[in-house]
Amino acid sequence: MRFSLLCYFFLFGFISFGQETDLLRQRLENTDASVGLEVRGRTIQNFGELFKFYSSRDFQFIWSKEARIGELAYEGRYELEQAQFDGLQPSDYHWDLINTLIENYESNKKIGEKSDWTDLVDLELLLSDGLIQLAKHLHVGKVDPSELQWGWEIIQTKESFDPIAFLNQIDQSQRVRSNIFQYYPEFRIYLRGREILRNLSELSKVDSLDWSALSVNKSIKVGDSHSLIPEIRERLQFWGYVVGNDLTERIYDSLLMKSVQAYQSFHGMTSDGIIGKSTLASLSQSPKDMMDKVAVNLERLRWLDGKKNGSKAILVNIADYKLVLLEKEDTIFQSKVIVGKSYHQSPVFEAKMSYLVFSPYWNIPESIVRNEIIPSVRKNPNYLTQKNMEVLTYNREVVDPSTIDWKKRSIPYLVRQKPGPQNSLGLVKFMFPNKHSVYIHDTPAKSLFGREERALSHGCIRLEKPRELAQLLLQDQKEWDDQKIWDAMNSHEEQTVNLKEKIPVYLIYLTFWADATGKPNYRPDIYGRDGEVLTLLRN
């Protein structure tokens, strides 16, 4: 009798295992690869990789054994759900179907019934496919940046993702989290951003405010009484700012002003405490709006390669109007910048800075000559002299401007501005050759750096502190001390200085990041680029 029972249980187990693997084998082998595989109406994105993986292991399961779902499957489900804090949609990775299958399994288990073998095969395929897809998207992003209207020309050099090795690592280690984590972007800023998104998600669950747009005809200053002040107090309190005990108070007092200033600072505004158009537009954004903004920028971070940074790198965040010089991930210098206008947008790209030019000429682009210089000369024949400009042939021979017919729309000459304090490039330019002809340079118009919105150039990056940046870039060349740099900037004679080592330059576009303290920083979408990324991210 004992022998018979042993045989029965052995045979039952063997048949169960065989049925399980046979069903998986049949599902995969009977699928036309050109058509693809659907599970419960959901397309399996990585059919080819799954077929290779399961074929190599004789179609043995990872997520369940002998009709029992293992702990690894629960961990996999959890990690797919956590994708929401990466700004991704868990349903893109079959989380909803996986959750239903596991809940059905648990319900059957409670009443002593076994799950259908088809359910376990479905779970196997959905979990494996979902985790592969999530790892891919964490590794390089869900959206292909090359398909964006305005482009994102920062090349990824990350190692290619191996789905089969990924699943094998999960199976061998019996861990999902550690194997997913290795595909996160290698930036501390990314993990901090995830926590911000998690916090926003929690806030959205308790949000009962009306986030209708706020507007005023006249800015509100401290001491003013205004009907919007109670609503402003309410919204600032929601975001964690101290606004006083009486939320109905209509007087704009000094305590509220301090909170407004702090809010303005973290949203890239002039922290003057004056409640105007920009402040109210920002305060009109709900937690859901903020979650979308964070999601878009986490995706942008996934497009970047943390391993690219050497000892130094220059990072210009166009949306923040700021340049930073990084050593590893630590900021050793920062400066305000002016970026391209909305119709002359500064591009997102990377290049290598190789040299500086002190007291530069400005070789004026043909489009500016045609659209700005020629009309100005027509109105004022002395315009070129007043602006310290000269006209040259293509052989670089100076031409008397009075001999030129300025009534024509274009002229067969070059125009350049001579070195000096009036030069539009200022006293130094920083060169990183690229197809966009974009570079970083000084400017004589220093007052513009006092503006909150600084999208004012033709696309190049104007720098508030060029002398300080030149000092840092040339500090390993002892002959170029501060005095020599200053003399070269004011010599009125163009001089080129090569850097000993080329420095990576990245022009990026981030409208959100979390700083070293974990505080969220939000910036206006000055070029209107967030919407396109969000749409692609949600599709």
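The backbone N, Cα and C atoms fix where each Cβ goes, glycine too.
Annotated features in TrEMBL:
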type	residues	note
DOMAIN	312-486	domain 'L,D-TPase catalytic'
ACT_SITE	H441	active site, proton donor/acceptor
ACT_SITE	C460	active site, nucleophile
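Here the CA atom of the residue listed as 'active site, proton donor/acceptor' lies 8 Å from the CA atom of C460 (active site, nucleophile).
Packing around H441 (active site, proton donor/acceptor) is summarised by its Cβ count: 22 other Cβ atoms lie within 10 angstroms of its Cβ, all protein chains included. The Cβ neighbour count for C460 (active site, nucleophile), using a 10 Å radius over every protein chain in view, is 22. Secondary structure at H441 (active site, proton donor/acceptor), taken from DSSP and collapsed to helix, strand or coil, is strand.
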